[in-house]
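In TrEMBL this protein carries:
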- 1-18: signal peptide (SIGNAL)
- T138, V271: FAD binding site (BINDING)
- 308-322: domain 'Glucose-methanol-choline oxidoreductase N-terminal' (DOMAIN)
- H547: active site, proton donor (ACT_SITE)
- H590: active site, proton acceptor (ACT_SITE)
Amino acid sequence: MIFLGLIQFLLAFDAATSQMAIVDRLLNVYAKMGFTYREERFLDNLPILDSYDFVIVGAGPGGAVTANRLSENPKWTVLLLEAGIEGNLYTDIPALNIIFGFTNYNWKYVTESQPELMCRGMTNKRCSWPSGKGVGGTTIWNGLMWTRCPASDFDEWEAMGNPGWGYQSMLKNFLKVENVSIPELRDSPYHSTTGPVGVQYPFRTQISDVFMNAGREFGYDWVDYNNPKTPTGFSRTQISARNGRRVDAATAYLLPIKNRQNLHVLKNAFVNRVIIDENTKTATGVEFVKNENTRVVSAKKEVILSAGTFNTPKLLMLSGIGPAEHLKSNGIKVIQDSPAVGQNLQEHISPLTVVTINSSISYNIRKLAPIIMPAFREWVSNGGGILSSNVAEVIGYVKTDPSLSKPDIEMIFSPVSIAADDGILLRRYFGISEETYETTFAPINQRESFTICPLGMYPKSKGEIRLNSSNPVDPPVIITNFLKEPEDVKNMVDAQKLVQKILETESMKKIGARLYDKPVLGCEEFEFGTDEYFECSVRTITMQFHHQCCTARMGPNPEDSVVSPRLRVHGVKNLRVVDASVMPKIPGAHTMSVTYAIAENAADIIKEDWNNEL
């Protein structure tokens, strides 16, 4: 009955979508079952020094890795500042990831409205854009998908003027991060069993086997997609988990060293700006707010921004580094005119492709309700069962054109569809408007259905991050420009055609798989299945995947990049960036693993630079 109450709670979700009530309710359920769980692993009242050697802003994978590696030197003191709180037992459950998008673990940013391009069917014609806030960053509650991308993506970074960022360098860092428990991969030279981030397969549903078999019929092998020799093909998803439990950046890199005396981790600390000496253009510390008190902490060696793709450029601009005219228009004194700050925003997008079937092997909330109690007990006892699913169990890397040198579409398979919960939770998480949902998807509420999202791996369209004002509390302005470039539109149309083709395989025919063909609201004038309809569909429901990157891109030229290949901010001393914003171009991968590897590489660079100055 306890978990039936939880399900009823989720079905009555209206009262709890903006606060931590969801987490509180889950913790109460856990306590009533007789289990204990300690959340406060990092002290909230930690005494802070006036100065440290390194001050790092943001405890996502960039900041957590960097803090760990720099504090390996006992002579260096490190302060890691994080605006959010810690994860808890329930963020450790892979299958509950979406729930935490409604809590204060999410910055809850939304894009500017651009209905001529995208998000026409989303709430207020704006896409919601989740971004993690907490000790661990987005790794606390993302989809856990562990993908790297083809080797040539990194070689392209290096060819753009960034020595040390090619595939061989990055492979070394991937191996440093990873601890794979998948038996057939443990002896691979492209995997490691010694790193802090566990990698395994998720729970396996029957319907995921159908998709795997369909991929083989479609002409694709079953592969290890993280092996550079086999970037094309189908596979069960590799996820960042150990024994069925999420491994986030805090679990992997901070908890094992939380008693290290030269490392302080301060949560609930909101950074306003970097303090920069205007005469020498040298970063000297940061200003932050904790418990409504504003204070400054000094950095004797460096300030390192790891605040993420949205907040790193925001902080740079608030600190006087960015496009001069934009800073002036917001009343901010220009310390360094850096036109590339906030530019080059990139993200992977996809249409929402729902498939109906006549077999009872998909999942919805009413099927899960009777089994959730034993499933929870199973997960608590051994990390097994359906709660260890990341709800994206298979990936297929395919080509829209056989002549391409590498895949350009990632098919993400999920055993549930947008209609699995009658529009209560999923449609809100993805930001689909109530009108769009009720008109388009409500007719298949609780029907057997699943999802294939064909993600475009290499978008051409680029957006930007701007300031709302000079007030640090205001969210950034996010202009995506999704689908602005014709190549992206064609790629998304071709991707939907590939989904149609895979549904023609015998494996799919056996379960009566059909593309759900009720026209998306606003696209009724177009014949279903035509190029015009598919374009309208993706412009109306524009899915994105938390893979935002590239807004403080690295490169040798200060005119079109923000940081050097050694991640130093152009024109400002003792200031670096270590997060996904430094990527010069979006990789064909979920960006979590890449960000871990970037941070490992960055830590080596920083150590080398400072050791050379001794």
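Glycine residues also receive a Cβ, built from the backbone N, Cα and C atoms like all the rest.
Features recorded in TrEMBL, as mapped to the structure shown.
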residue: T138; record: FAD binding site; contacts (Cβ under 8 Å, 6+ apart): G60, P130, S131, G132, G308, H546, M592
residue: V271; record: FAD binding site; contacts (Cβ under 8 Å, 6+ apart): V57, L81, A83, V286, E287, F288, A307, L315, P472
residue: H547; record: active site, proton donor; contacts (Cβ under 8 Å, 6+ apart): E347, H348, I586, H590, T591
Task = Ten-angstrom check, please: count other Cβ atoms within 10 Å of the Cβ of H590 (active site, proton acceptor), all chains counted.
result = 27
Query = Which residues, given as numbers and ranges, are at least 6 beyond the ends of the domain 'Glucose-methanol-choline oxidoreductase N-terminal' (308-322) yet have a Cβ under 8 Å from it?
reply = 57-58, 60, 62, 107, 109, 129, 131-132, 137-138, 271-276, 278, 330, 332-339, 341-342, 345, 465-467, 470, 472, 476, 478, 548-552, 562, 569, 571-572, 577, 579-581
Task = Determine, from DSSP, whether T138 (FAD binding site) sits in helix, strand or coil.
result = helix
Query = Looking only at the domain 'Glucose-methanol-choline oxidoreductase N-terminal' (308-322), what is the mean pLDDT?
reply = 99
